[in-house]
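Presented below is the structure to which this report refers.
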Amino acid sequence: MGNRVTRGDFEWVYTEQPHTQRRKEILAKYPEIKTLMGPDPHLKWIVSGMVFTQLLACYLVKDLSWKWIFFWAYAFGGCINHSLTLAIHDISHNVAFGNKQARWNRWFAIFANLPVGVPYSASFKKYHIDHHRYLGGDSLDVDIPTDFEGWFFCTPLRKLLWLFLQPLFYSLRPLYVNPKAITRMEILNALVQFSIDLIIYYLWGLKPVIYLIAGTILCLGFHPISGHFIAEHYMFLKGYETYSYYGPLNWLTFNVGYHMEHHDFPSIPGCRLPMVKKIAAEYYDNLPHHQSWIRVLWDFVFDDTLGPYSRVKRLCKLAKES
């Protein structure tokens, strides 16, 4: 993996991210992979069904007791909301309507955001581009924990707390690490989101609004599906900074588990990433990968060698804007 120097407790590397070179090699050997790029015609219908399912759930939970509100938020609604955040992840790569309809993708992401309860999609898009372009980039990739997170959340109990607080850190970390000007689309995202929240409150009261927001917070925190946050880029084996997961939870998460394949080909929608692995099997079969997101969470909490510091970092030069 090239020359390595220890700085702090992150794994600092002075090589390019591996995905760029692997992408070139795979495309040279298997040019047919280019045919997998482009929009997923089914995504808009699947996401719309999930949004309307959550709106129906808002009506159904309006008279439940608070304990059942939180139960169903964690066991059902939050799973849908987490899945919708991963749909928004796919949509941020323009796979709902294609690159020629970028504006439609932005607006559809705002629609997919509605059950999440808080505005998310526009800000995610703004920072996710950097995550791909500057993977592990110091002060550029806000997916990397801060030094405080690495230093403080270093014991099993503290790491467990950190997992519960993941939604908070993912929301606030960009403002500290790489603050950017608020965009017009973020303002529109917030206006639409809070308007829908108020309409739901007016129609059915506070409980459905809490059901949506609590589900988002709970299921983006300590939840089996949230294992993907740790599985994707935390360094379980020295020298490897991206990992895939090929288990059944991919069915609920738009194949986000195929993460090596996604970083190699971010313009290929999640539904086609298994085909990438099948075509270029020799590039992926021998790379380390995860079998269980639950096991990932267990190991992260109880393995003393793992923690928020278990990330690869590199210095990146800002690319010139076109």
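Quick reminder: no glycine exception, Cβ is built from N, Cα and C everywhere.
Automated prediction, rather than curation, is the source of TrEMBL annotations.
Looking up the ranges 107-124, 161-178 in TrEMBL, the one annotated as transmembrane segment turns out to be 107-124. Each of 68-87, 107-124, 187-204 was scored by its Cβ pairs under 8 Å to the transmembrane segment (210-231), and the highest score goes to 68-87.
Beyond its flanks by at least six residues, the domain 'Sphingolipid delta4-desaturase N-terminal' (5-43) meets 87, 90-91, 94-98, 135-136, 144, 147, 150-151, 235, 238, 241-242, 254, 260, 263-265, 267-272, 275-276, 279-280, 283, 309-315 of its own chain at Cβ-Cβ distances under 8 Å.
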